[in-house]
Structures are given as C-alpha cells and as structure tokens.
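K.L.:
Checked TrEMBL, it gives:
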ACT_SITE  Cys95  active site, nucleophile
ACT_SITE  His193  active site
BINDING   Arg129  substrate binding site
DOMAIN    8-200  domain 'CobB/CobQ-like glutamine amidotransferase'
Amino acid sequence: MPSDSVLRIVWIYPDLLSTYGDQGNVLVLEQRARRRGIETETIHVRSSDPVPESGDIYLIGGGEDRPQILAAQRLRKDGGLQRALAGGASMLAVCAGYQIMGSTFGGEEGQPVDGIGLLDIASARGPARAVGELVAEVDAALGLPTLTGFENHMGVTRLGPGVRPLSRTVKGIGNGDGYEGCYAGHVVGTYLHGPALARNPALADLLLGWRVGQLAPLDDSRYEALRQERLATVLAD
Ligand code: GLN
C-alpha cells in the first residue's frame, strides 16, 4: 500500500485516448477500492501535461490512429510513465494504449510508428478490422475467470519473450495469434473494451491487489449474473 494510504489512479490522455467507455475502468477501480475502505485520488492527465510519477495504477485507453501516434510521441518525450513503471506502479493499457506500450505499431497508412517500448511486443496493421465480442481464457498463473469484452482494431500484435500472453482467445481476434493481450510484471495490455474492468471485475482486483496486497472479498453476484448472461449469449453465437 502507498505510504500515505491514498491509492493514486492516473488516467493518461483522456483527450486523445478513450473509446468505448474506457474511462469506466477508472470508475471501477475507484469504486472497488472505496468499497474496501481504501481512499483513492484520481489524476486525469491531459496530453499537454506531464505524467506524474507518484501514481499507483496507470490506465490508458483506445483511440483512433492519429491521436494514438500523438500520444506515443508525447509519452516518449515525457518519460513520466516509464519512470513510474520502473518504480513498481501497475498499469492497464487498452487497445491503442496497449499497442503504444510496445516497440512499434501501425499508423493510419500502415506505416510503422515507434511505441514507448515498455512491453516486449510489436504491432502492425492486420489483414482486416477485428470488430465484435471477445471471449478469452486467462493464463492459469493469474487465476482469473474468463475474460469478456468488445474489440475494434486494425492492429495485430506479436508477443516477444519478455511478456506472457494474458489469455487464449475463444471468440474474437485479440492479438491475432490465438492469444489476447499480454502481461509482464505489473503491466497488463489488452484489446478489451467494454470497459474491460466493468466486464471483468477480477481483472480490476488483480491490479488493485498488486498495489494494495490482500483484498477483502466483495459481493459480486449481480455482476457475475450479467457476465454469465453475456458469455452464454456470445458463446452460443
Ligand atoms: N488505432 C488502433 C487500431 O486500429 C487502435 C484502435 C483502438 O484503440 N480501438 O489498431
């Protein structure tokens, strides 16, 4: 737990990257922390502002190709996120934000654009747009239930030896290689919108637990009923 007992959530570049309700990830983290008596402070970092290094959990969302390129340039120049993660902060990076975390990704004409190199992944334009519901089984080492979400991207992502696949794709495209997302240390990358943490509260608790330690259980029965309903519908399709 942070020394002053306030959990700092940093939402990176809402003015450039926040599609399909990604900002909901911030709300879910805040709410699940507060329901356990953990005080939170949320910092919205616009792309004109420096990224603070004192955050506990960093979030970045998806977006169109041009804002994505701009975000990568600004994050590279800023360096705050890089220092925060080197200092042990955790992070959830979604879609465009996920691709930015790698060495390279495809721009609006498919041209290679430099990422910020915090995850051992490389993305490029794929053969077709991946759009629709996604279902994936999580790496057993993480002990999380089935992931559900929505994807909409042109990019495909190749994982290097420095990361592990987050999950194996059951429905949808994900990375494009049979896997969805990746993780390394306390950083998770995923193509899941929805928002991801509302659809998958256990993923929110993974991020919280990395910073806070043991978490008191919550009554998630209503969320679980919704999850099961959605999973049954998507898998029956
Ligand atoms: N622009 C990226 C792509 O199409 C990311 C899209 C997104 O974040 N939804 O691959």
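Glycine too: its Cβ is placed from the backbone N, Cα and C atoms.
A TrEMBL annotation is a machine prediction, not a hand-curated record.
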K.L.:
For Arg129 (substrate binding site), just count the other CB atoms lying within 10 A of its CB, please.
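P.N.:
Its Cβ shell of radius 10 Å holds 13 other Cβ atoms.
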K.L.:
Whole-number Å only: compute the distance from the Cα of the residue listed as 'active site, nucleophile' to the Cα of the residue listed as 'active site'.
P.N.:
8
K.L.:
Over all shown protein chains, what is the count of other CB atoms within 10 A of the CB belonging to the residue listed as 'active site'?
P.N.:
23
K.L.:
Do you know offhand how many angstrom separate His193 (active site) and Arg129 (substrate binding site) by C-alpha?
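P.N.:
So the Cα of Arg129 (substrate binding site) lies 15 Å away from that of His193 (active site).
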K.L.:
What number of additional C-beta atoms lies within 10 angstroms of the C-beta atom of Cys95 (active site, nucleophile)?
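P.N.:
Taking all protein chains shown, Cys95 (active site, nucleophile) has 28 Cβ neighbours within 10 Å.
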